[in-house]
Each structure stands twice: as structure tokens, then as C-alpha cells.
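Here is the structure we will look at, set down as C-alpha cells.
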């Protein structure tokens, strides 16, 4: 049996609209994941592994949770411009961005920048 | 005496605070701040800064007051409809304190005039409502070496940050090096806004500004997130410091970044579409009909179906009698579901302005059943204008 970690995901700035209009999710992901961030069952069992990081989480969200067009959430292999990622209430830039290694019960927040006034 | 005699009484309640005192009040009196945008954020920010006795206040806004502003832009009122917002706001502040020194600027701020307009002030407040101006203000604040108190609000959420504060404070570009794609950006008119949410953020902008004036701002880069109906409603997160490779704020003295050579609108993906005009295009012959023609069909008892593709909440505000609500998203996911059952009936699609209805009608036509599918030019706005003036415009 593979071990998993539990991650809390929150959305802000309207991003929840891309994820079934639900602001908060609690998900389980494997603690070891394919190095190439593929998220299908076969890759999970056969491919070379790395510890789960935020890059993998973003791909998992794209493949299994996103309900709208990919380009509203991702650009290339990361989140699109205008989305800020917070790991346990800290800008992910201070935590190594996508390479941050997720721990059980981490909270990751995805915020879209607002511009109205 | 350090202050006019009356000011001791006027500002006594805040002067007895240890954090302010007489020296703090004098600092405020000597401070000059500029507010860009006298709208939902600018009004409350201006109101509290004016009332607190800030010595010189600039207001930049080229828009005029409209009825749909009054729900949140609390310095304007029915008597100032049609007036420049900057003038209307200045009038309101003068009613609080007739001695205030206010600079009214009714020009649109742009790359060519930004530095000149903002230079006389110590602190800049970003109370604007669009991406290009947010980048412009950030670049200008960096070029002038001034802190930028930035607020934003949309729907039920707000965000607040102070940029370019102290030697390590990030600028807007450090946080958002690239603007989001145009599709991911909407306006208050399209998305909605609760007035009190702009009030919360605008008031906080006034507080941040006063802290900076008093020299009591802890310069830790942070972003405050407010979600009015969420729990907890407030969250503050720690932000990165100035980015070493930021094109705008790393070594501003040496870098080649030029504000006047930047097309901010283009940088942010081009001019925002005018959805009112876009909804009025004639389209391909036979694909669209006028509101008047739809009315004639409806009163002729020809069997037909009217599908309204607005979101449910908007449909519940007002709707054509007999119309069926199928939100655009649902219709695009499964268009066949809405045409098969009615294949012998002609279908007329309607929305708020006549843009979404074109997408929906195209999707229905692609199914290729025998039914004729048309959509209404100008949407319900046109219905209100040309058929039934009693039909609400929102």
C-alpha cells in the first residue's frame, strides 16, 4: 500500500469558479509521485518517483479537479500569471515555489489577483 | 502654537493616542498624499484621510458620477450625478473640513503624465479599477521612490498591500511580473461588487497611509486578503521581498526600464472589449433579430421558445415572460439537451447585452436540428430601450 499525505486547498479571488465553485478542498495525494508530474494510475505505479511537491499538486489539480479551460489556471508547467500561491500563509516564492515539498496537512492557497475598485 | 487653535479640538481624539500625539498630527498636516481613482476604494480612503487632517490631498479621476456608482462610492450623491468624481469627492471632503487643501485632477493618468502628476506627493494610493493603471502606478512609484498603498476589490473579496516601501519592499511587478490573460479579468460591472467590501479595503488603505506618514509602518511585505462571507474573513500572508531581477525596481537608477516607452494597455492584453457595442453587431444574416422583432413574434402566437442564458441570479432579477433560463455554462456543456426536445420550435436566445447569446446560438446551431436558432441583438438592454422602457436595466 502506498502512503499518502493530506493537503488542504483553498481558493480566493474568484479562482473557485474554475473548481466547481467550491472554495475549499481536502485531498489526499501519494507521498511519492512521478518525477514528470503525470498523475494517471499507471504512471503512479510504474514511473520514477520524487517526493510530492507543489508542482505535482498543480498537475493533480489540473488533471482531476479543474472544471474550466486549462489556460485559466496554468501556463506552461506552472500556474498562469496573476495567480499567487501561498503555502501555510506564506508567499510560495519564499518556500521554493513549485519545488516546495509538501508535508501532511499543509495548506495551499491559490489566489487570483483582483484589480477592481 | 504648532497647530491652528481649532485643530486641537478637531483632532484631540486622535492626538491623545500615544501613536499620534502632537508630533504625529503635525506630520499629517505636513503630509501630501495622492489618491488615484475616486471610486469605491478612493471615496472611503479620501474621507478618512481628509477627516484625519492630512495636509494636502490630490485626487486623480477622469470619470463622471453615475447612478450605478452610488451603491459604493459614498462621497458622491444624487446631486453630483454627472459631475467629475474628483470634483464631487473634493466637495464632500470640504464639507467635513473647509480648510482642506485639495488638488482636483480630472485628467486620465497615463504613461506620459504619471510622473508629473504624482511627483508632488509623498504617498500614492492605488484605488483604480484596471490592470494597466495598476502596473503604471507601480512603475511610477518605483521611479519616484514613493510607497504605493494598493487596494483592490471584486465581488465579496478584497486585497490590500503596500508596495515599494523601504529598501526591500517589493513592487507590484515583483509580485505579478506578467499580467493575467485577458479572459481571466472582469470588471465590477460584469462581476458585481458589494459596496461595504470596497469600504473595508478603502478604509484600510487610509490606515496604512497614516501609519506610513507617522513613520510607524512595520515594512514587512505582506498581503491582506479579505473575504467578506468567508471564515475567517481576514487573512494576512507574508510576501517576498524585492526581486533581484525585477525589471522595474531592481536598481532603478541603472536599469533601462522606461515608463513612457511602455504601452501599459498593450502589455495587459489590449483594450478591454466594449461589451455593449459588441453585443450590438448585426452578425451573419438570419442569425440575429432585433428586440422589436422578437416582441412581434411573441405577440403573434407563433410557437417559439425563448432561452435566457444569463446566470440564474441575474435571471431572477428580471426576465421575459415565458422565457426559460439555461445559464450559458450549462448550455455549452450539453447544447443537444436543449434543442432535441423542441426541434420543431424556433429558438430565440437572449442575454444581458447580446454577447453570450451569440455563443449559445452558435452552439445550438451546430447541433444541426431543423429548428431555426436566432439571438437578440443588444440583449435585454435593447429590449428595455426599444420595446419596454419598464424593463429594468441593471
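For all residues, glycine too, the Cβ spot is worked out from N, Cα and C.
Please treat TrEMBL annotations as automatic predictions, because they have not gone through curation.
There are 15 other Cβ atoms within 10 Å of the Cβ belonging to residue B:70 (ATP binding site). The ATP binding site annotation in TrEMBL covers B:40, B:61, B:68, B:69, B:70, B:71, B:72, B:85, B:129, B:130.
Annotation comment: TrEMBL describes B:171, B:174, B:246, B:249 as Zn(2+) binding site. There are 20 other Cβ atoms within 10 Å of the Cβ belonging to residue B:246 (Zn(2+) binding site).
What TrEMBL lists as active site, glycyl thioester intermediate is B:188.
The domain 'Rhodanese' annotation in TrEMBL covers B:300-392.
Taking a C-beta cut-off of under 8 Å and a sequence gap of six or more, residue B:351 (active site, cysteine persulfide intermediate) has these contacts in its own chain: B:308, B:309, B:310, B:328, B:357, B:360, B:375, B:379, B:380. What TrEMBL lists as active site, cysteine persulfide intermediate is B:351.
Each residue in B:138, B:142, B:163, B:164, B:170, B:172, B:173, B:175, B:242, B:243, B:247, B:248, B:250 lies on the same chain as B:171, B:174, B:246, B:249 and has a C-beta within 8 Å of the C-beta centroid of that Zn(2+) site, without being one of the site residues. Around the Cβ of residue B:174 (Zn(2+) binding site), the same chain contributes B:240, B:241, B:242, B:243, B:246, B:249, each under 8 angstroms and 6 or more positions distant in sequence. The average per-residue pLDDT of the prediction over the domain 'Rhodanese' (B:300-392) is 92, rounded to a whole number. In this structure, the CA atom of residue B:68 (ATP binding site) is 32 Å away from the CA atom of residue B:171 (Zn(2+) binding site). Reduced to three states, the DSSP call for residue B:249 (Zn(2+) binding site) is coil. In the three-state DSSP assignment, the secondary structure recorded for residue B:129 (ATP binding site) is coil.
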